[in-house]
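Below is one structure; the comments refer to it alone.
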Amino acid sequence: MFVLVEMVDTVRIPPWQFERKLNDSIAEELNKKLANKVVYNVGLCICLFDITKLEDAYVFPGDGASHTKVHFRYVVFHPFLDEILIGKIKGCSPEGVHVSLGFFDDILIPPESLQQPAKFDEAEQVWVWEYETEEGAHDLYMDTGEEIRFRVVDESFVDTSPTGPSSAEATTSSSEEQPKKEAPYTLVGSISEPGLGLLSWWTSN
């Protein structure tokens, strides 16, 4: 679920931090820049693990700060495909079951990846597994807040870097509704196999 990623960056240290240890200042600046940010095709950055190499620091004309090229390792959330994770149901919609890990919310289990047969209860706004038994079908509800075990089957990175307005957008009225902002990193899960789904389904009474 968590991996160590080797990175290289040039860190700017302002003059008023020169009295501190260089490593402490660099660590603080790297965490300010990267913590809780998604790096495209890398994952969600969590925290600095260690600094492996510091190159020479330079002070450029007109800028009193030092600029140091830093080689470091960062803890990143990037589960591998087919990894089993446990989260909590954040909510349900016709698009599927939305799951949260507490620190990461952009997880969707689409309808075709639920235990089958499944249906969406419009009144309750929950997905229901119509579990077949010898005594007939039982409705097992996927309620908000329930713990759920799922398999990671896909991931998607979206480049959310800011771009200038296109000519078509420039001619539209500013009062029009803005398009929905896309998440930079999303996971797609599946519970369509025995042992996966709500933890309460598989615990013995």
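Just so it is clear, glycine is given a Cβ too, placed from its N, Cα and C backbone atoms.
TrEMBL labels come from automatic prediction, so no person has curated them.
According to TrEMBL, the features are:
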COMPBIAS  160-176  compositional bias 'Low complexity'
DOMAIN    9-64  domain 'RNA polymerase Rpb7-like N-terminal'
DOMAIN    83-202  domain 'RNA polymerase III subunit Rpc25'
REGION    157-187  region 'Disordered'
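When pLDDT values are averaged over the domain 'RNA polymerase III subunit Rpc25' (83-202), the model yields 81.
Residues in the domain 'RNA polymerase Rpb7-like N-terminal' (9-64) partition by DSSP class (helix H, G, I; strand E, B; coil) as 16 helix, 24 strand, 16 coil.
With DSSP classes pooled into helix, strand and coil, the tally for the domain 'RNA polymerase III subunit Rpc25' (83-202) is 12 helix, 55 strand, 53 coil.
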